[in-house]
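Chemist: Below are the structure tokens for one structure; questions will follow.
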There are 4 protein chains.
Amino acid sequence: MLIGKACRILGRVRCCVVKPLASLSLSSNMAKSKFEYVRNFETDDTCLRNCYIVVRLDGRNFHRFAEQHKFTKPNDNRALGLMSRSARSVMEELEDIVIAYGQSDEFSFVFKRSSTWFKRRASKLMTHVASQFSSSYVFYWKEFFLDQPILYPPSFDGRVILYPSNRNLRDYLSWRQADCHINNLYNTVFWTLVQRGGMTTAQAEDRLKGTLAADKNEILFSEFDINYNNESDLHRKGTTLIWEKRDETVIKRMKSPDEEEKHVIRSRRRVQAHHCDIIGEQFWEEHPDILEDDNS
Amino acid sequence: MLIGKACRILGRVRCCVVKPLASLSLSSNMAKSKFEYVRNFETDDTCLRNCYIVVRLDGRNFHRFAEQHKFTKPNDNRALGLMSRSARSVMEELEDIVIAYGQSDEFSFVFKRSSTWFKRRASKLMTHVASQFSSSYVFYWKEFFLDQPILYPPSFDGRVILYPSNRNLRDYLSWRQADCHINNLYNTVFWTLVQRGGMTTAQAEDRLKGTLAADKNEILFSEFDINYNNESDLHRKGTTLIWEKRDETVIKRMKSPDEEEKHVIRSRRRVQAHHCDIIGEQFWEEHPDILEDDNS
Amino acid sequence: MLIGKACRILGRVRCCVVKPLASLSLSSNMAKSKFEYVRNFETDDTCLRNCYIVVRLDGRNFHRFAEQHKFTKPNDNRALGLMSRSARSVMEELEDIVIAYGQSDEFSFVFKRSSTWFKRRASKLMTHVASQFSSSYVFYWKEFFLDQPILYPPSFDGRVILYPSNRNLRDYLSWRQADCHINNLYNTVFWTLVQRGGMTTAQAEDRLKGTLAADKNEILFSEFDINYNNESDLHRKGTTLIWEKRDETVIKRMKSPDEEEKHVIRSRRRVQAHHCDIIGEQFWEEHPDILEDDNS
Amino acid sequence: MLIGKACRILGRVRCCVVKPLASLSLSSNMAKSKFEYVRNFETDDTCLRNCYIVVRLDGRNFHRFAEQHKFTKPNDNRALGLMSRSARSVMEELEDIVIAYGQSDEFSFVFKRSSTWFKRRASKLMTHVASQFSSSYVFYWKEFFLDQPILYPPSFDGRVILYPSNRNLRDYLSWRQADCHINNLYNTVFWTLVQRGGMTTAQAEDRLKGTLAADKNEILFSEFDINYNNESDLHRKGTTLIWEKRDETVIKRMKSPDEEEKHVIRSRRRVQAHHCDIIGEQFWEEHPDILEDDNS
């Protein structure tokens with residue numbers, strides 16, 4: 001890093017000049033309070049109360065990132081695992097996140113309606129999530145890609161969306177999972193046509209133009225003997241992270257004179273991953289604690 | 001990662017059932033459009049035109065992060081270097097940033113008034129900056145801390161502030177630099193009292209209670225023979241990053257038959273670091289291209 | 001109205017100059033498109049979907065307005081009637097308002113959750129309500145104050161508040177009605193002490209300092225033989241406006257040759273005023289159509 | 001106004017029940033604080049500092065209002081006078097408005113950059129302007145329309161727009177005046193073709209389809225001997241209201257024993273109307289106090 005010439009000269013001149021040390025500092029102190037009015041330009045972006053706060057992250061230029069890091073097609077399990085690991089890191093830092101859902105290079109985090117994290121300030125919430133996710137992505141890279149190095153720091157952009165009712169929130173999550181399904185079905189057929197059917201990507205694209213989901217299932221089934229429904233849940237359903245209580249047996253050494261050991265059963269909250277349908281009722285019936293009552 | 005039992009059962013059941021493949025997919029397609037209304041809950045947070053957009057990042061719990069990674073006191077040059085490196089990474093990704101200023105665990109990025117990056121959407125701008133900075137921080141860690149590993153992924157939160165005039169923007173930057181000066185003077189005296197004066201931190205805190213800048217300068221000068229103005233510019237002034245044009249001599253091999261080499265002088269924009277006063281006029285007179293005319 | 005000298009001269013000069021008529025107009029046309037960029041400075045203030053939109057108006061300097069128009073104390077029924085009449089005028093213009101509640105010099109209007117009036121733009125909604133209410137207030141003045149003229153145009157300011165759930169909305173309305181109760185009890189005792197007890201306003205204020213509601217009821221009951229609960233519902237409960245269906249018998253003259261008359265029963269929506277408790281369940285059970293289901 | 005039966009019964013029941021008076025009131029007091037949380041749903045809409053705040057009002061359904069009140073075509077001087085009078089009423093109430101510009105059924109009000117009225121809260125500013133304007137419109141109606149009664153209360157909607165620089169603000173005002181010019185030229189030709197040329201409105205519309213400003217000027221000049229530039233400044237330029245200082249001679253009766261009269265010259269700010277070009281430099285050079293320096 002170079003330091004501009006003018007500045008260095010300026011610095012030198014200053015040191016030579018014999019001036020009362022106090023005056024500079026005093027004026028600097030006064031200067032600060034003189035400038036402090038600029039704080040009033042900050043605006044309040046508090047999220048409306050009693051709404052679910054969703055922060056969604058999307059990878060930036062991840063097509064290029066996937067190319068350069070040779071992600072396998074149509075899905076790279078290492079990359080998906082790293083996304084989930086980073087999302088877990090976010091949840092562990094921000095405990096008011098009650099559910100997170102991810103697929104491909106995106107992840108959505110849902111703060112509970114009554115959350116008061118960062119006084120519900122949208123900018124704080126989304127930048128913290130984006131930051132924690134991104135630093136975790138690089139930090140945990142080697143756990144998933146082992147000896148393959150990460151070539152440059154990736155980035156994700158984020159947004160905040162508010163949902164006033166349980167229905168709206170569930171529809172949001174359903175929308176993302178339906179999107180996962182549609183994209184994964186397309187990608188599965190596309191890459192099967194290319195990798196096993198010997199087509200060029202242009203030919204595969206052409207073949208799929210205008211086809212409905214039914215047609216795509218049919219291609220897989222009749223031409224490649226693949227039943228799409230037998231494909232991996234991870235790829236078809238994406239990843240849902242929630243908090244779950246686990247009973248753990250902990251050995252506690254007592255501070256009493258005889259140093260007796262005690263087995264204590266402790267309940268601990270842990271982030272658990274699911275790869276199941278979250279559009280239907282079953283998931284929500286099995287996890288009634290995720291949503292808060294609309295009229296509470 | 002565990003997969004909930006119910007989900008796996010659900011998955012299995014589904015595969016067993018012999019049902020027309022199409023129906024599931026079709027309904028999934030319809031489902032997506034049925035859910036798509038949730039997009040309308042997104043709000044527009046476009047930044048007012050013709051204002052400077054400032055994104056400021058602040059380290060979260062960096063006191064603890066500094067402790068755990070044994071940052072030297074009062075300033076750790078490795079940590080400051082890593083901050084600047086990460087900020088440079090942000091500037092190289094987002095070319096509309098005309099100036100950035102950092103000190104301690106904070107960095108401010110200024111987008112030019114006329115910028116249309118991300119259609120000036122505040123959420124996109126601040127999350128992208130926060131994300132790129134954070135992933136870079138982990139990515140470049142080893143360049144500054146060499147064999148000392150990073151223990152966990154750090155995070156930064158961000159905010160957006162708009163400034164309508166050059167005066168307002170300069171006052172913002174002056175405010176941050178005055179803050180740098182005040183904090184650094186305090187920290188310099190504090191840690192000198194502890195490290196060289198043999199005081200406990202409590203004693204040092206006590207000694208400095210109620211002192212003015214002049215008193216602090218005096219302590220340094222009379223007790224430790226330190227002229228504060230001779231201390232490092234990096235610590236006293238923080239780091240200012242701007243774009244600068246450099247002439248570079250490039251050797252170009254011609255594609256002509258004789259493969260002649262040619263020396264070409266090319267002008268290239270590069271991010272340069274300065275550690276100088278940005279409160280006064282001189283810096284701005286020397287770099288007239290940073291600010292746009294108020295009335296353009 | 002005076003016209004500035006310079007302008008008139010300018011105008012005259014223009015008329016004298018013989019110049020091709022087209023050029024001025026053409027340049028004016030071009031000018032408009034040149035200036036049109038200023039539209040992009042407008043920001044979008046769409047209200048979050050699926051929330052009740054409440055617009056509350058408050059009289060500005062109504063203490064003075066009441067003084068100058070000699071409103072009776074503690075309540076002026078003409079003034080309250082005019083407030084309700086103006087509120088009805090607002091509801092008749094903006095049919096998506098499902099309930100309105102007023103007391104003293106304030107009125108709250110509740111748009112249904114699913115409303116798309118003005119594309120849910122907050123600024124349009126609140127200014128339209130404020131404008132319609134204010135013009136109606138002057139327009140209908142003489143229906144309530146008869147020969148007493150209005151001395152100057154009054155004004156009201158407004159705000160928009162969003163409520164995501166039925167519970168929140170009902171709590172908002174309960175808050176306003178509880179406020180009505182508390183103020184009216186205070187005012188009733190205060191003016192009884194002055195008007196019937198012969199106290200000065202300062203003495204009455206002093207007497208009431210620190211008293212609880214129970215004390216105030218007791219003063220009314222034991223000193224003036226007034227049971228507060230027998231006071232007018234209008235004053236104790238404020239005014240609630242809702243839409244109600246009425247069957248109306250309409251005489252329709254047929255266009256057929258014999259000009260026969262027909263009595264037709266037609267159902268018509270009309271704004272109806274209530275002065276009852278809206279904190280408890282009964283009102284809402286009797287009018288189940290006001291609120292929409294939280295999870296619709 | 002009818003009172004719902006249930007409510008009256010409810011009221012009656014309450015009065016009959018012999019219950020300790022205190023309990024109701026106490027619970028009502030507690031109730032209020034229980035409900036008060038709903039205040040936290042209000043959001044802050046403070047306008048960015050150091051920007052001009054423009055509130056623009058537009059008449060709602062004024063086509064119909066003009067029809068029903070038989071406004072003359074293409075311009076009704078009574079209606080334009082009433083608009084200006086109402087705007088003046090707004091300026092006299094809100095002294096931080098430095099300039100207002102109106103044409104047709106719209107009026108724009110510009111608050112000075114440094115204004116702190118209503119703490120710069122957008123909702124307060126725009127609703128107050130909309131309210132004061134609307135009540136004034138009805139209040140002053142009879143001064144302009146004399147014996148012709150106003151048939152129903154009109155309404156205006158409003159919006160807030162921020163402009164960070166003098167150039168932006170002037171371009172906004174230029175945009176409105178260019179709009180005035182274009183509309184007035186069209187309307188002048190259109191109604192001349194109808195009223196003097198004997199065309200139907202459909203024929204006139206057809207005749208003007210695709211014509212440029214030059215063509216319209218030519219039609220007026222060659223067919224009706226009208227030089228558009230000689231038309232009324234009020235119609236071609238709209239109305240600009242600004243504050244101007246006037247010296248006034250005031251007769252002051254002294255309170256001294258001899259009751260002597262004294263002539264005192266006092267400087268008073270008054271709202272003055274101009275109908276001149278505000279696109280060019282001249283107007284702004286002649287009134288240098290309207291705008292504040294961009295870099296102050």
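Glycine is treated like the rest: Cβ placed from N, Cα and C.
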Chemist: Which of C:Asp76, C:Asp96, C:Asp105 does TrEMBL put in the same Mg(2+) 1 site as C:Asp58, C:Gly59?
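Modeler: So the Mg(2+) 1 site in TrEMBL includes C:Asp58, C:Gly59 plus, from the candidates C:Asp76, C:Asp96, C:Asp105, C:Asp105.
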Chemist: For chain D, which of the binding-site residues C:Asp58, C:Gly59, C:Asp105 fall under 8 Å by Cβ?
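Modeler: So none of them sit by chain D.
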Chemist: Report the member of C:Asp58, C:Asp105 (the binding-site residues) whose C-beta atom has the most other C-beta atoms within 10 angstroms.
Modeler: C:Asp105
Chemist: Would you count the other C-beta atoms found within 10 angstroms of the C-beta of C:Gly59 (GTP binding site) for me?
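Modeler: Other Cβ atoms within 10 Å of C:Gly59 (GTP binding site): 20.
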Chemist: Per residue, counting other C-beta atoms within 10 angstroms of the C-beta, which of the binding-site residues C:Arg60, C:His63 reaches the highest number?
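Modeler: Highest number of other Cβ atoms within 10 Å: C:Arg60.
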Chemist: Determine, for the GTP site, the additional residues of the same chain whose CB lies within 8 Å of the mean position of the CB atoms of C:Asp58, C:Gly59, C:Arg60, C:Asn61, C:Phe62, C:His63, C:Ser104, C:Asp105; present them in sequence order.
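Modeler: Result: C:Phe65, C:Ala66, C:Glu106, C:Phe156.
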Chemist: List the helix, strand and coil residue totals of the domain 'tRNAHis guanylyltransferase catalytic' (C:35-164) as derived from DSSP.
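Modeler: Secondary-structure breakdown of the domain 'tRNAHis guanylyltransferase catalytic' (C:35-164): 59 helix, 31 strand, 40 coil.
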Chemist: Which ones in the same chain are close to C:Ser104 (GTP binding site), with CB under 8 Å and 6+ residues apart in sequence?
Modeler: C:Cys180, C:Asn183
Chemist: Quick one: DSSP breakdown of the domain 'Thg1 C-terminal' (C:167-280) into helix, strand and coil?
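Modeler: Helix (H, G, I), strand (E, B), coil: 57 helix, 29 strand, 28 coil.
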Chemist: Within the chain of C:Phe62 (GTP binding site), which residues six or more apart in sequence place their C-beta under 8 angstroms from its C-beta?
Modeler: C:Asp105, C:Pro154
Chemist: Near the Cβ of C:Asn61 (GTP binding site), how many other Cβ atoms are there if near means within 10 Å?
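Modeler: There are 12 of them.
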